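Over in TrEMBL, the protein carries these features:
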type	residues	note
TRANSMEM	43-63	transmembrane segment
TRANSMEM	75-94	transmembrane segment
TRANSMEM	114-138	transmembrane segment
TRANSMEM	150-169	transmembrane segment
TRANSMEM	253-274	transmembrane segment
TRANSMEM	295-321	transmembrane segment
TRANSMEM	341-363	transmembrane segment
TRANSMEM	383-405	transmembrane segment
TRANSMEM	514-533	transmembrane segment
TRANSMEM	553-578	transmembrane segment
Amino acid sequence: MGCGQKDDKASLASSQIASFSHQPHQPPSTPASKEVWKKGGRMFSILLAVHLALLACTLVSSGAFEKIAVHDYDVFFLLTVMMLIVTIWIIFYLAGTSRCPDAILCKDSHAGPIWLRGGLILFAIFSLVMDVFKIGYYSSFYSCLSAIKIIYPIVQAIFVVVQTYFLWISAKDCVHVHLNVTRCGLMLTLTTNLAVWMSAVTDESVHKAHSKLKKNMTDEIFRWLLKAGMRSSSAEECNCNSQICQIFKNGYFWLYPFNIEYSLFASAMVYVMWKNVGRFIDHHSHHIHRLKFRLFRRTFFIGIVLGLIILVSGLGVLILYEVQVNSSTESSKKSQALTMYYIFNIVCLGLMSLVCIGGSVIYRFDKRDMDRHKNPTRTLDVALLMGAALGQYAISYYSIVAIVASTPRDAISALNLTYALLMIAQHTFQNIFIIEGLHRQPPKEDHKHNSRQKDLYGLTFVNINAVSLRVPDSGSTLAPSTASGTEAIQPSDLVRSLTAPRKMNWRRKCLREISMFLLLSNIILWIMPAFGARPQFDNDTELNFYGDSMWPAIVDICLPFGIFYRMHAVASLLEVYIMS
């Protein structure tokens, strides 16, 4: 496994690099035996990930029920061991694998964009704060708890720091040494993040259900829900009575959404790294577009202003909803909160659907070519958008069936039905808009005009009327550039190159406005369910139709995917905005 045992791979890589230099326009080819082994190595790592994921899923789901003899500290023990193994492998990769000769022959420019890594760091910071709150909470009554409950958040904090640093510096790597170890390590990392995500989602869902049903529950349900935070055998002995303990408890539950998103973001980036192991990139077809992010330039501000209005209004609706639903026992207050919530979401989803349709129509007039090059990052983005949308689709269709089949129907049921239909439409139209934007080539005119302007005799300010005086009519001055293999600059092209940058294509401006409006709207639609606004538990129509056990289970399974969809849509829309 050492670097010295990779001479054959190094020679293979050098021979392929030599072939690149002699045939620059030909894609790199690999021997058939290497392709077979590549598939075998991938298959082995996938099988390892599947078995570990099934084991973690079994323990996490079993630990949520009191009658099953699997305790929550059993789950914590498994997750702690997995995180320690991944941390050791990451250190081995950074200190050994990445420093081997010819370990990283190329990098994937599309993998790990700066906004994705920046979002990962943001979620990592909140995850660390959550771990601090967890340590403080469990330390408040450490005498009656298993030691693993205090060890787990400490190990998780170390894991978050090490993994974030690893993904920040290595997300673009295409590794060509220690191939099978790297694939298995990356799959173990991905599985660990998914296991942590499943544990966080389960813990948060049980806590939400506990807070919603605490006033109207039987003793048996109460004992089942106490499994969310502590052992049932010592629940009363380990009650959290002090004020500082309550602050720690409420604090880390409010920070769970950030930890959930961190695990999913890290899983996506690790998967792209796994796809890039052993990959050779043809740099002639794998163009690197260094696009600048200009938020307040080349825009009408309409999308930003409307998006900020939606964002601020949504925050106000969220605060009022939490106060009236969670802090009041009056049914009239609950009905008012539900009505306000549904009206806001109907307006927001309706505007977003219309804007997405308009953006798709604008793409019909866009003259940019489609990007058909191989791009694992874009493929994963599309798959995550389509897959995560299934969660919200499922909730919406279950709601539609319950509303249509239930009697009597009131105003809230009508609003709920409209909300469910618009949710389906908005997800569909937004996916179409985002996927089409991700497959468009970035604008070429900026760098073409800039490169031509730099060749215009070193001029800083040029009078267009004087261009004909500087460029001969015969074009003899431009002939050498043609002979050297580059395109000749004609006087008409020169005039266009000087005038075009002064204005931006109206289609690009509209697409940027649409992307920014959708980005801000998706942020508030992520914040509302992530921080407590969940009408699925407060509306009695679905609860009475499906029962107290089936409907909460449906929401607990599907809603995390809907929340992740919103955050992933924000990252994809930011990329569409920059590419426009």
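Count begins at 1; order follows the chain as displayed.
Heads up, the Cβ atoms here are built off N, Cα and C, so glycines get one too.
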Would the transmembrane segment (514-533) and the transmembrane segment (341-363) count as touching if the test is at least 3 Cβ pairs under 8 Å, pairs 6 or more apart?
yes
Which one, 75-94, 114-138, 383-405, has the most C-beta pairs under 8 Å toward the transmembrane segment (553-578)?
383-405
Contacting positions for the transmembrane segment (150-169) when only residues 6+ beyond its ends and CB under 8 Å are counted:
76, 79-80, 83-84, 86-87, 90-91, 93-94, 112, 117, 120-121, 124, 127-128, 131-132, 134-135, 138-139, 142, 189, 192, 196, 262, 266, 269-270
Is the transmembrane segment (43-63) packed against any residues at least 6 beyond its ends, judged by a Cβ distance under 8 Å, and which are they?
70-72, 74-75, 78-79, 82, 180, 183-184, 186-188, 190-191, 194-195, 198-199, 202, 227, 274
